[in-house]
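As recorded in TrEMBL, the features of this protein are as follows:
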BINDING   CYS3, HIS7  Zn(2+) binding site
BINDING   GLU76, GLY77  S-adenosyl-L-methionine binding site
DOMAIN    1-27  domain '23S rRNA (guanine(745)-N(1))-methyltransferase N-terminal'
DOMAIN    69-145  domain 'Methyltransferase'
REGION    15-34  region 'Disordered'
Amino acid sequence: MRCASGHNFDRAKEGYWNLTQPQDKKSSNPGDSDEAVLARRRWLERGLAAGLVESLREWTSTSSAAQNVLDLGCGEGSFGPALFPHAASSYCGIDLSRRAIKLAARGWPEATWVLANADRGLPIADGCIQQVVSLFGRRPVSEIERVLSVDGVCVVAIPGEEDLIELREQTQKSGHRRSRWEMVAEEMKAANLVLSQHKKWTQHVELKSDEIADALAMTYRAVRNSQQSRLKGVEQMNVTLAADLLLFCRGK
Ligand SMILES: C[S@@+](CC[C@H](N)C(=O)[O-])C[C@H]1O[C@@H](n2cnc3c(N)ncnc32)[C@H](O)[C@@H]1O
Ligand SMILES: [Zn+2]
């Protein structure tokens, strides 16, 4: 692939496009660590997000092969085929973790996968995306607005106030509850993306020790060993999973 200024970009043997720039290698936020990506993969393979997928499908199921979908911070790629099973040729996932994009490309080779920093200009033409999705991923709001078509929508998921609260209470003593969806709605509104629907997804699950370890590895990079050690010997725990799901349209 070659850009207008004559730069060349390679397609990796796994089938993804590498559009990273030299600065991205030095980035302080190079995407999730391999450990977090693999923990997320195991978590999703256990079906722990099946209910979340069902809930999101209410908004994404209208997508056909004619609708372009852009997934910002797509991770290891399980959500694409789960949400858009008939739209591989018009789905594009972007992530800055090489490990994540490799797993994604292996799992759904018909789709387009891009290793790139979604916080820079997106490698997408103006107004050609019908659905942008950001599932616990990146939200470059002005770029989202630029790439969305006139009737396009943006689906955002963020961790809910109660998400993993029992684990957070154990590891951080206090376990702050804070609701972030209002702030996200404000950020989006500043880029003329208007909240049209909001729903909460909640589920209670019983986690075993290896699942607890994965939950910590994939969510809280900042959990220190000393905090994790408070969970030593915990064989199982009832844990709340929660997310706020937000649907945005373009304002007038
Ligand atoms: C919490 S994970 C969510 C992944 C996936 N959407 C899911 O729900 O399983 C956040 C993802 O954003 C990616 N990421 C972080 N910073 C990024 C950036 N600047 N550009 C693109 N992706 C980024 C990480 O590598 C990670 O895969
Ligand atoms: Zn160029």
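We number each residue from 1, going along the chain as drawn.
Yeah, the Cβs are placed from backbone N, Cα and C, and that goes for glycine too.
Annotations in TrEMBL come from automatic prediction, not curation.
Cα to Cα, GLY77 (S-adenosyl-L-methionine binding site) and CYS3 (Zn(2+) binding site) are separated by 26 Å. Residues 1, 9, 40, 75, 95-102, 104-106, 109, 112-117, 119-120, 123, 218, 221 of the same chain sit 6 or more residues outside the region 'Disordered' (15-34) yet have a Cβ under 8 Å from a Cβ within it. The C-beta environment of GLU76 (S-adenosyl-L-methionine binding site), restricted to residues of the same chain at least 6 apart in sequence and closer than 8 Å, consists of VAL37, ARG40, ARG41, LEU44, ARG99, ALA100, LEU103, ALA104, GLY107. Each of the binding-site residues HIS7, GLY77 was scored by how many other Cβ atoms lie within 10 Å of its Cβ, and the smallest score goes to HIS7. CYS3 (Zn(2+) binding site): 10 other CB atoms within 10 A of its CB, across all protein chains. Proximity to ligand 2 (Cβ under 6 Å from any of its atoms) holds for these binding-site residues out of CYS3, HIS7, GLU76: CYS3, HIS7.
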